[in-house]
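Annotated features, as they stand in Swiss-Prot:
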CROSSLNK  Lys94  SUMO2 cross-link
CROSSLNK  Lys118  SUMO2 cross-link
CROSSLNK  Lys129  SUMO2 cross-link
CROSSLNK  Lys139  SUMO2 cross-link
CROSSLNK  Lys153  SUMO2 cross-link
CROSSLNK  Lys235  SUMO2 cross-link
CROSSLNK  Lys301  SUMO2 cross-link
CROSSLNK  Lys304  SUMO2 cross-link
CROSSLNK  Lys325  SUMO2 cross-link
MOD_RES   Ser91  phosphoserine
MOD_RES   Lys301  N6-acetyllysine
REGION    172-344  region 'Interaction with MAP3K12'
REGION    271-285  region 'Leucine-zipper 1'
REGION    314-329  region 'Leucine-zipper 2'
Amino acid sequence: MAAATELNRPSSGDRNLERRCRPNLSREVLYEIFRSLHTLVGQLDLRDDVVKITIDWNKLQSLSAFQPALLFSALEQHILYLQPFLAKLQSPIKEENTTAVEEIGRTEMGNKNEVNDKFSIGDLQEEEKHKESDLRDVKKTQIHFDPEVVQIKAGKAEIDRRISAFIERKQAEINENNVREFCNVIDCNQENSCARTDAIFTPYPGFKSHVKVSRVVNTYGPQTRPEGIPGSGHKPNSMLRDCGNQAVEERLQNIEAHLRLQTGGPVPRDIYQRIKKLEDKILELEGISPEYFQSVSFSGKRRKVQPPQQNYSLAELDEKISALKQALLRKSREAESMATHHLP
């Protein structure tokens, strides 16, 4: 059933009149709405005897201007009314697309079957043989290489033996270190054991680590030798530098050489506190892991630090000699008194 509506296409004169009679935005929007209706009829290819649109632009121009709010409300209601119809049209479109894809797939499968029917089984086997021969030729071309680039010239069995020997050697080294650092008592009767899991933590007094360390007071050390230490950046004459106190200078030199610190600069007033902190830090690091300072190696004989040369007068030398004689006499008298006291 066709619906007929009295609407004509606007002529050229009407279009000129339309351009002259646009007093406000609301009327312009209304003109565009009517023009879109005319475009819709053309897209659907409806003849004039089915749908006919006639617009009298003169009468439309003489009408009072529409309120924008009224026009907006009417247009919004019309769009909301048309949205359900769009949703209804989407489902048959999807079904048509699915059907078309299935038909294309069936056509392709039929073409493949026809091609397979044309070729016999023997032809297919020959084609597979040709492919295999091509693959063998490719492998042969890839095998050719320069033998000089090979670093290890040994068979697979020899390479596997070397790898297994390397793994066993590393495991033995790790096991030895674990037993030495973690395990206190080794149970020889136990077949399966692990030094780290079976270890008994025995904290040493005054230390936080399981590695036993001891504090040693050395009167002289490896840093007292005059020649420079390789890799430390010290000059041979760096040991002769004095900060005013021989004991402080020796401790400073030992710590700086052990930590590979650059010497120099003024000595602060809290020098003893700094030395104490540095020594405690070194002891803590060695207690956590002895490997911290294993790279530091020293060679040569240990030599005492030579005190700075001083010039004394004859009177000062006589005083020192007399003081030394008195000290020796005092020690000898004390030794004699102790010996007589212990006699029965």
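Cβ coordinates come from backbone N, Cα and C, glycine included.
Swiss-Prot feature annotations superimposed on the structure.
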residue : record           : DSSP class
Ser91   : phosphoserine    : helix
Lys153  : SUMO2 cross-link : coil
Lys325  : SUMO2 cross-link : helix
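Across the region 'Interaction with MAP3K12' (172-344), the prediction's mean pLDDT works out to 68.
Lys153 (SUMO2 cross-link) sits 67 Å from Lys94 (SUMO2 cross-link), taking the CA atoms of both as reference points.
Take the CB of Lys94 (SUMO2 cross-link) and look out to 10 A: across all protein chains shown you find 9 other CB atoms. In terms of DSSP helix, strand and coil, the region 'Leucine-zipper 1' (271-285) has 15 helix, 0 strand, 0 coil.
Cβ neighbours of the residue listed as 'phosphoserine' (same chain, under 8 Å, six or more residues apart in sequence): none.
Counting other Cβ atoms within 10 Å of each Cβ, the lowest count among the recorded sites Lys153, Lys325 belongs to Lys153. Here the Cα atom of Lys325 (SUMO2 cross-link) is found 121 Å from that of Lys94 (SUMO2 cross-link).
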